[in-house]
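Structure first, then comments.
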Amino acid sequence: MSVIKMTDLELAGKRVFIRADLNVPVKDGKVTSDARILASLPTIKLCLEAGAKVMVTSHLGRPTEGEYNEEFSLAPVVNYLNDALDCDVKLAKDYLDGLELNAGELVVLENVRFNKGEKKNEEELSKKYAALCDIFVMDAFGTAHRAQASTHGVGMNAPVACAGPLLAAELEALGKAMDNPERPLVAIVGGSKVSTKLTVLESLSKIADQLVVGGGIANTFIAAEGHNVGKSLYEADLVETAQKLMKECAIPVATDVACAKAFDENAEAEIKHVSEVQDDDMIFDLGPDSTAALAEIIGNAKTILWNGPVGVFEFKNFEAGTAGISKAIAESAGFSVAGGGDTLAAIDKFGIKADVSYISTGGGAFLEFVEGKVLPAVAMLEERAKA
């Protein structure tokens, strides 16, 4: 995909409007998890060091659109940036009719969702955003799947629209994993339900050499092979769909599993062959043989795409499957991309962050990209690059 990159532009003296993802958790006026701000800092610093007049904005939470609500203000983010950048960062509440900035100055524009017309991508608001800048920088991959005024409309109307370093890196990594992957490509899809990941599974079944399934999703595939899954979470109405997918793609299904009689973190894990699962059993993880077999498949992969844990890894007795998969990915010489909230939690828990080639910042956007859907913000950047 061809987009203009911010790093290729002359920024000195230019009014630069950065749409970042600063949607961070806040408690008692303090940022409680700074991962998204840290990810955005290099882009902001590049613009400041280049002598640009820098505006950065984001959504935060779900306020009633068009109404100011202090609970969802970006003020805590401004306080964080003041400390992180060691400079005077201002918060602008009323900015739609214009702002005066100096070169090397940073202003945070208040929560875009306080502006009426943001979610519906209204033209009037989009043009007001665009009038603020010479260059629009889209750097929020996590919102790239939404066509809103601050992610799409502004870019269609700004003099120049480009991808920020964070977004450009994301598109490059996902493109490398999906558009032209080194093979074999192994995709790992975990989660509780086939129905919520069906489009992802169908899309990946067409491009993956091996499609590994885990979590509740795997139970539906175990049932599709004719085995009893007891009281496990599975979807009987999607057994035929699972059988169809297994004909289209190599999907290694678990041969042994970790079971218990109740969903309880203190429940003892009982390892069973899939043919031995009883009516009152609940499957919560892969067994050691299945984990070892999948680890070998991952070890031979040249490209790995990972979305979702393969068991109830939050419970110590049922973390072995996800721990084993994590270790295999960490030790793999292949190119690995991981994304999705639970996946990131697993990466943190098993300490493999430094060993994954690329960790996606987008939840819904990551899944939609993997599904093969067009992301509106990316389509906008491609269109503007042609012009």
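Yeah, the Cβs are placed from backbone N, Cα and C, and that goes for glycine too.
Its Cβ taken as reference, GLY61 (substrate binding site) is surrounded by 14 other Cβ atoms within 10 Å in the chains shown. According to Swiss-Prot, the substrate binding site annotation covers ASP21, LEU22, ASN23, ARG36, HIS59, LEU60, GLY61, ARG62, ARG113, ARG146, on the basis of sequence analysis.
Per Swiss-Prot, ATP binding site is recorded for LYS197, GLU314, GLY340, GLY341, ASP342, THR343, and the stated evidence type is sequence analysis. Within the same chain, residues at least six positions away from LYS197 (ATP binding site) with a Cβ under 8 Å of its Cβ are VAL189, GLY191, ILE217, ASN307, GLY308, LEU367. Secondary structure from DSSP puts LYS197 (ATP binding site) in a helix.
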How many other Cβ atoms are found within 10 Å of the Cβ atom of ASN23 (substrate binding site), counting all protein chains shown?
-> 20
Sort out the sequence-distant neighbours of GLY340 (ATP binding site) for me: same chain, 6+ apart, CB within less than 8 Å of its CB, listed by position.
-> ASN307, GLY308, SER360, GLY363, PHE366, LEU367
Restricting the comparison to the binding-site residues ASN23, HIS59, GLY61, which residue's C-alpha is spatially nearest the C-alpha of THR343 (ATP binding site)?
-> ASN23
Within 10 Å of each Cβ, count the other Cβ atoms, then let me know which of the binding-site residues HIS59, ARG113, GLU314, ASP342, THR343 comes out lowest.
-> GLU314
In which DSSP state, out of helix, strand and coil, do we find GLU314 (ATP binding site)?
-> coil
Does anything in the same chain, at least 6 positions from ASP21 (substrate binding site), have a Cβ under 8 Å from its Cβ, and if so what?
-> ARG36, ALA39, SER40, SER58, ASP139, ALA140, PHE141, GLY142, THR143, THR361
